[in-house]
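Participant: To start, I am sharing the structure in question, which I have written as structure tokens.
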Amino acid sequence: MTTSRIIASVTVAGALFLTACSGDSTTETVTVSQSSEAATSASSAASSTSAAAANKGGDQKSVEDAIDAALDQVDGTVVSVDREDNSNSYEIQIVAGEETVELRVDGTSVTEQERERDEDDIRAAQEAIVSVKDALAEAFAAHPDAHLDNIELDRENGELRWEVDLEDASGNDIVDLVVKSQ
């Protein structure tokens, strides 16, 4: 990755952070190209959240741990993560082959909930360039103290993108982000 891309990524993340410091829920758009070193360093910085916040779940490390546990169970592409309110329990949907598998991850316990054939999810998983972890890294870089409510790979007006909803430690919505995935 070139230095100018790293600087641009960090600048965008910083600008988004400064514009999002309001009490109202807002929508932001973040453009991410494949894995970036800036996202990796932002991931490391965001991983150092307080123990109290980590116990409620939704911080970057808890979400990534849940994703890893789900992917250990089902190999595929994550298309959505939905955290249960103020908990460390997640519903994660993974496209594996020609079906979408929904898993519940609660700590280290992973339980399959359902399997279905969802053409939209399958097509989105095949076309996605930005992974769920890269999209989360960008969101948490802009809002390091936030907690994930949900993230979903979705297509709107022909554009494939990650829709990320973040909240504060009390469960109040703080921002809805859009991270382009193509």
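Note: Cβ is positioned from N, Cα and C throughout, glycine not excepted.
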Participant: Would you mind telling me which of 12-35, 36-59, 60-83 TrEMBL tags as region 'Disordered'?
Facilitator: 36-59
Participant: Quick one: mean pLDDT on the domain 'PepSY' (130-175)?
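Facilitator: Across the residues of the domain 'PepSY' (130-175) the model's pLDDT averages 95 on the 0 to 100 scale.
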Participant: Run through the domain 'PepSY' (130-175) and tell me, per DSSP, how many residues are helix, strand and coil.
Facilitator: 11 helix, 22 strand, 13 coil
